[in-house]
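One structure below.
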Amino acid sequence: MTISSPEREAKKVKIAVDRNPVETSFEKWAKPGHFSRTLSKGPNTTTWIWNLHADAHDFDSHTSDLEEISRKVFSAHFGQLGVIFIWLSGMYFHGARFSNYEAWLSDPVHIKPSAQVVWPVVGQEILNGDVGGGFQGIQITSGFFQLWRASGITSELQLYTTAIGGLVMAAAMFFAGWFHYHKAAPKLEWFQNVESMLNHHLAGLLGLGSLSWAGHQIHVSLPVNKLLDAGVDPKEIPLPHEFLLNRQIMQDLYPSFAKGLAPFFTLQWGEYSDFLTFNGGLNPVTGGLWLSDTAHHHLAIAVLFLVAGHMYRTNWGIGHSMREILDAHKGPFTGEGHVGLYEILTTSWHAQLAINLALFGSLSIIVAHHMYSMPPYPYLATDYGTQLSLFTHHNWIGGFCIVGAGAHAAIFMVRDYDPTNNYNNLLDRVIRHRDAIISHLNWVCIFLGFHSFGLYIHNDTMSALGRPQDMFSDTAIQLQPVFAQWIQKTHFLAPQLTAPTALSATSATWGGDVVAVGGKVAMMPISLGTSDFLVHHIHAFTIHVTVLILLKGVLFARSSRLIPDKANLGFRFPCDGPGRGGTCQVSAWDHVFLGLFWMYNSLSIAIFHFSWKMQSDVWGTVTANGVSHITGGNFAQSANTINGWLRDFLWAQSSQVIQSYGSALSAYGLMFLGAHFVWAFSLMFLFSGRGYWQELIESIIWAHSKLKVAPSIQPRALSITQGRAVGVAHYLLGGIATTWSFFLARIIAVG
């Protein structure tokens, strides 16, 4: 950190806007394709509607003015937030109007959450299953009930008011989106002022956001949950404002409240340990993290981010400059290092987006793994359907974000990369030795693929030949994951040294006792064996292939030996023109297309592994005789052969969805069928030739002309790229909905 000389702080930061830059015109807005000179003329062929969808949000294609593009993106973000608030409001409204939330609060172990009641049209009311507490409805697995309880919501009226608040926020967001594009649009310099942005996002969004959540947890969530855990009727619990206004209620629950802020200012922070704890592990009553631990966590996080939000230099000549940090970042082997990256990150929003999507996607997958191993909300861990849904959801969201990172990194390379500004810096050096990177990564993929798959093929062969003693398994030739087991043991023992006052380790998965709530396993030590070792190497293989495809797309987006002038052809193109055979499907867009399939492969195996492992080794009932798991520990015996995965996971566990007709789960049976159809429909687009369809269309047009009913807009076959886009969309939609119905019918029936 440096104190700057006067000339270094000459450029004062100020809020700079243009007044009324774009008039509000519903006439223009209502005209399809108003953003493009070509499209606004209207359709000649059916390709027009496809181009309309492809380019509506591609602001780069509307204008080359970076300021105008930035304003459109900024305004669109407010629109996105508005839609999110409407969605959130809808969730809370359903909780208020159509749910058994108050009944669930009184007995969260035996009553299942439901917030959707189907109207009795054509017999659909069969879907309203008995979820307990005298309520008929669809069992939900979103985790909202557990989140609401953790927030201290005790009545449906509170959900109503929050839902209304969500709509008010949505209106504010839509207004802001309009205002900051049409009335007071920020200048480019405002968008490029990274130090102010960092300070505001770190201190404001993350710092004050965490602090206000910690305050809510301490003053509302903790007392409400303490009373709920003690068995107090939700209707008897004081309203949230009473905890704030009447200190006596708080003193009865947390004696240190009587001391006020004196311990804080005299640094006697230990006095507050009755509501800011460091217990570790799970609350044995609810099976969730101790809410006093999470309040402590958010308070600590808030302090860190509030400090971080004062680190960057703006008008006061103190703090870091982002450009100086990047320009100074040179290592012995990295040439010019990060020189030139500041320009990239302030002039290419695609580059920014690529980095943020990669980080955010990875974070989502990390969240998926923490939601089950350290379940943050009360009674979340014993709601197996919700646990499975949250793991699956956060994995898929993360996968899409990471593929999106590859897409926008490639768009940056094609549209925004300037070779003259990037000489011998890290980016240039990576691009110059891309052949070494990609060929090594390819070798890794081949190695992982053959070896991991080879272990399974060996096991299937030995099993087929009746030679179990020659298989890789926990009972024959063991391949124990010794490093993973060492990590588990270390994390289990570590708190004895690092946090001697903690009650237990961070997660019950490391070791120790079973945490049971209401006779169900919330969490317990997860033992790893040969079957886990095998499938983990399949995970490594599929993830590396996904990375190979995406990284090759980025590094070869501008040029390759096959097509040296690829940058001139753009982000997506079908082939390098006529007369150049073998150059189809090489665009950066096509790499994203292929990457999506491998992302789907990777995550399918990850969520299948999770689903089976948890049913086999964790989830189940607890009696005096011990733990009885849902599938009785069959993962270790069966998951070491491909046949075992097909027979004992896919086939055995799909019986619930296949046999769901005539029951409350029958919608999942219909969805399972329909999603298979959507998936199969995708193959028609993926295995098609464009010329075949054009020929067919022309003979159909001939027939229409004969009957004098030919359309004025000429039908055309989908382009190669459009066909692949439609194909991958239906492939993923069909695959995801198939998995969704398979998982939920199974876990709701047995969990």
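Every residue, even glycine, has its Cβ placed from backbone N, Cα and C.
The transmembrane segment annotation in Swiss-Prot covers 73-96 (among others). Sequence-distant contacts of the transmembrane segment (73-96) (same chain, six or more residues past either end, CB-CB distance under 8 Å): 57, 59, 115-116, 142, 144-145, 148, 156-157, 159-160, 162-167, 169-171, 173-174, 176-178, 180-181, 186, 191, 349.
Annotated transmembrane segment per Swiss-Prot: 159-182 (among others), in sequence order, evidence recorded as sequence analysis.
Residues annotated as transmembrane segment in Swiss-Prot: 198-222 (among others).
When Cβ-Cβ distances below 8 Å are used as the criterion, the transmembrane segment (294-312) is approached by residues 1, 194-196, 198-204, 206-211, 213-214, 217-218, 221-222, 275-278, 319-322, 376 of the same chain, each at least six residues removed from its ends. Residues annotated as transmembrane segment in Swiss-Prot: 294-312 (among others).
According to Swiss-Prot, the transmembrane segment annotation covers 349-372 (among others).
Tertiary neighbourhood of the transmembrane segment (388-414): same-chain residues 141-143, 344, 348, 350-351, 353-358, 360-365, 367-369, 371-372, 546, 549-551, 553-554, 557-558, 566-567, 570-571, 588-589, 591-592, 595-596, 599-600, 602-603, 606-607, 610-611, 614, 736, 739-740, 743-744, 747, 751, selected by CB-CB distance under 8 Å and a gap of 6+ residues from either end. Under the heading transmembrane segment, Swiss-Prot lists 388-414 (among others), citing sequence analysis as support.
Positions annotated as transmembrane segment by Swiss-Prot, on the basis of sequence analysis: 436-458 (among others). Long-range contacts of the transmembrane segment (436-458) within the same chain: residues 430, 471-472, 479, 534, 537-538, 540-541, 544-545, 547-548, 551-552, 555-556, 640-642, each at least 6 residues beyond the stretch ends and with a Cβ under 8 Å from a Cβ of the stretch.
Sequence annotations record features per position, and here Swiss-Prot assigns transmembrane segment to 533-551 (among others) based on sequence analysis.
Cβ-based neighbour count (10 Å, all protein chains) for Cys575 ([4Fe-4S] cluster binding site) stands at 17. The [4Fe-4S] cluster binding site feature in Swiss-Prot is assigned to Cys575, Cys584.
According to Swiss-Prot, the feature transmembrane segment maps to 591-612 (among others).
According to Swiss-Prot, the feature transmembrane segment maps to 665-687 (among others).
Other Cβ atoms within 10 Å of the Cβ of His676 (chlorophyll a' binding site) number 15 in total over all chains. Residues or ranges marked as chlorophyll a' binding site by Swiss-Prot: His676.
Annotated chlorophyll a binding site per Swiss-Prot: Met684, Tyr692, in sequence order, evidence recorded as sequence analysis. In this structure, Tyr692 (chlorophyll a binding site) is part of a helix by DSSP. For Tyr692 (chlorophyll a binding site), the Cβ neighbour count at a 10 Å cut-off comes to 10, with all displayed protein chains included.
Summarising the annotation, Swiss-Prot assigns phylloquinone binding site to Trp693 and lists sequence analysis as the type of evidence. Contacts of Trp693 (phylloquinone binding site) defined by a Cβ separation under 8 A and a same-chain sequence distance of 6+ are given as Ala717, Leu718, in order along the sequence.
When Cβ-Cβ distances below 8 Å are used as the criterion, the transmembrane segment (725-745) is approached by residues 141, 385, 388-389, 392, 396, 593, 596-597, 600, 604, 607, 611, 653-654, 656-657, 660, 665, 668-669, 671-672, 674-686, 718 of the same chain, each at least six residues removed from its ends. Summarising the annotation, Swiss-Prot assigns transmembrane segment to 725-745 (among others).
Tertiary neighbourhood of the transmembrane segment (665-687): same-chain residues 126-127, 129, 138, 654, 656-659, 718, 723-724, 726-731, 733-738, 740-742, 744-745, 748-749, selected by CB-CB distance under 8 Å and a gap of 6+ residues from either end. Here the Cα atom of Cys575 ([4Fe-4S] cluster binding site) is found 32 Å from that of His676 (chlorophyll a' binding site). Of Cys584, Met684, Tyr692, all annotated as binding-site residues, the residue with the shortest Cα distance to His676 (chlorophyll a' binding site) is Met684. Geometry remark: Met684 (chlorophyll a binding site) versus Cys584 ([4Fe-4S] cluster binding site), CA distance 19 Å. Straight-line distance linking the Cα atoms of Cys584 ([4Fe-4S] cluster binding site) and Tyr692 (chlorophyll a binding site), rounded to a whole number, equals 17 Å.
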